[in-house]
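Enquirer: Pulled from Swiss-Prot, these are the listed features:
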TRANSIT   1-51  transit peptide
BINDING   68, 69, 70, 71, 95, 102, 107, 201, 202, 351, 369, 398  FAD binding site
BINDING   224, 225, 226, 227, 228, 229, 230, 248, 254, 313, 367, 368, 398  NAD(+) binding site
BINDING   226, 227, 228, 229, 230, 254, 313, 367, 368, 398  NADP(+) binding site
BINDING   373, 400  L-ascorbate binding site
């Protein structure tokens with residue numbers, strides 16, 4: 001098996017399609033067996049740690065957030081809402097920007113200039129969650145110190161001290177780790193480092209890709225997940241020869257049923273996108289100018305490309321925090337229902353946190369903006385107040401593609417719940433489509449494309465309540481609207 005095949009296979013097989021929460025990370029055995037007693041959700045939040053007086057004049061900080069993504073921005077807002085930010089909170093980020101809504105980077109940020117692309121400061125947090133736009137000036141006005149372009153390189157938990165790349169030392173009272181993930185990369189020896197090969201996690205990554213798109217003619221996107229789908233849709237707006245390559249048999253295998261995948265694949269083909277499915281990549285080839293020029297497959301065939309985007313998953317950005325308790329089965333830093341690690345005074349939120357998924361009684365790690373926002377808010381409320389309710393997250397996934405001006409069909413789907421059990425599909429892009437997952441007679445998950453605001457609001461109610469539904473009656477529905485009415489009636493019975 002080639003090195004790339006191993007990387008791509010790992011990215012796909014570590015997220016199984018049959019055992020629940022297949023969108024994000026594998027589920028682990030029940031919490032009762034896996035969750036140690038020391039992670040009790042009720043108890044002292046400060047334990048034996050020492051309190052640190054806030055003073056930006058010296059190196060002490062009462063609260064420090066490491067990371068500058070969605071979770072950091074929403075955590076900062078929650079500190080402000082509780083009157084605990086001014087002169088007390090410090091955010092340390094490796095990026096040059098204040099926290100922003102990261103999903104934009106593979107959506108509107110990639111639109112060509114004539115399609116009105118998104119740009120900062122337009123999508124700073126917390127606009128994606130309906131909140132105020134937190135520009136750099138907002139942090140200054142709220143008395144929040146932000147240290148830009150200086151990532152944390154070391155941590156001494158006994159001394160409650162962080163050291164940055166530049167050598168700056170920060171002493172903290174409470175530490176919130178919100179470092180997110182890093183993109184999985186192709187090894188350098190097979191061309192993963194070549195000019196014209198792109199990975200997207202930050203604004204700088206997206207800017208580099210846009211520079212390539214402006215000159216590109218042929219683009220190959222490696223990975224059939226939602227990142228690959230979003231980048232491919234953006235490439236269509238640039239009028240590029242676009243090919244998606246992935247090892248699975250269908251698009252977005254972790255969520256879509258084969259029938260649903262077939263419908264979306266046809267939609268992409270109508271927009272000129274080509275698919276190479278079940279493919280293993282041997283290496284990326286360089287042209288005479290040193291830039292990527294082709295993607296060579298394991299079967300010996302090649303696909304010409306002057307731009308390649310790798311979207312094969314991500315890994316928790318553990319960095320200097322590897323000595324904290326980790327969850328070895330699903331990755332990430334182990335936390336309890338209040339996002340406390342086993343080390344007093346240290347919390348982890350967002351993509352990097354392995355937490356108890358209360359609704360399904362298992363541990364998980366979720367790489368999604370919705371969880372980043374909600375985990376940040378829950379963690380800070382628990383840290384600052386007497387709030388002791390454990391986090392009760394309902395898995396949620398969405399994507400929006402082809403939303404630029406002139407697109408014949410704008411696509412927006414939402415999913416809530418657990419994609420397990422049998423499925424019922426209703427509709428045929430007329431203009432809607434819905435898929436229901438049913439296990440032991442109960443509705444476990446539901447996906448709707450092009451729903452109304454009222455229909456989208458119904459989905460989490462259905463997924464959380466898991467009502468008993470008549471599968472045959474759902475299957476006989478003549479429209480998505482009728483199917484949702486049947487499900488809603490089951491909810492109310």
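A Cβ is built for glycine as well, from the same backbone N, Cα and C atoms used for every other residue.
Given the structure is predicted, the values throughout are model-derived calculations rather than measurements.
Where in this structure would I find these features, and how exposed are they?
Expert: Around residue 70 (FAD binding site), the same-chain residues six or more apart in sequence whose CB sits under 8 Å from its CB are 99, 100, 101, 102, 125, 128, 350, 369, 372, 373, 376, listed in sequence order.
DSSP assigns residue 224 (NAD(+) binding site) to coil, not to a helix or a strand. The C-beta environment of residue 224 (NAD(+) binding site), restricted to residues of the same chain at least 6 apart in sequence and closer than 8 Å, consists of 244, 246, 248, 250, 251, 252, 253, 277.
In the three-state DSSP scheme, residue 313 (NADP(+) binding site) falls into the coil class.
Neighbour count (other Cβ atoms within 10 Å of the Cβ, all protein chains): 25 for residue 373 (L-ascorbate binding site).
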Enquirer: Tell me, in order along the sequence, which binding-site residues from 228, 230, 400 have their CA within 10 Å of residue 107 (FAD binding site).
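Expert: Near residue 107 (FAD binding site) by Cα: 230, 400.
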Enquirer: Which residue, of the binding-site residues 226, 398, has its CB surrounded by the fewest other CB atoms within 10 A?
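Expert: It is 398 that, of the binding-site residues 226, 398, has the fewest other Cβ atoms within 10 Å.
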Enquirer: Out of 95, 230, 367, which of the binding-site residues has the smallest number of neighbouring Cβ atoms within 10 Å?
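Expert: Each of the binding-site residues 95, 230, 367 was scored; lowest Cβ tally within 10 Å is 95.
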Enquirer: Between 107, 254, 368, 400, which of the binding-site residues has the fewest other CB atoms within 10 angstroms in the structure shown?
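Expert: It is 400 that, of the binding-site residues 107, 254, 368, 400, has the fewest other Cβ atoms within 10 Å.
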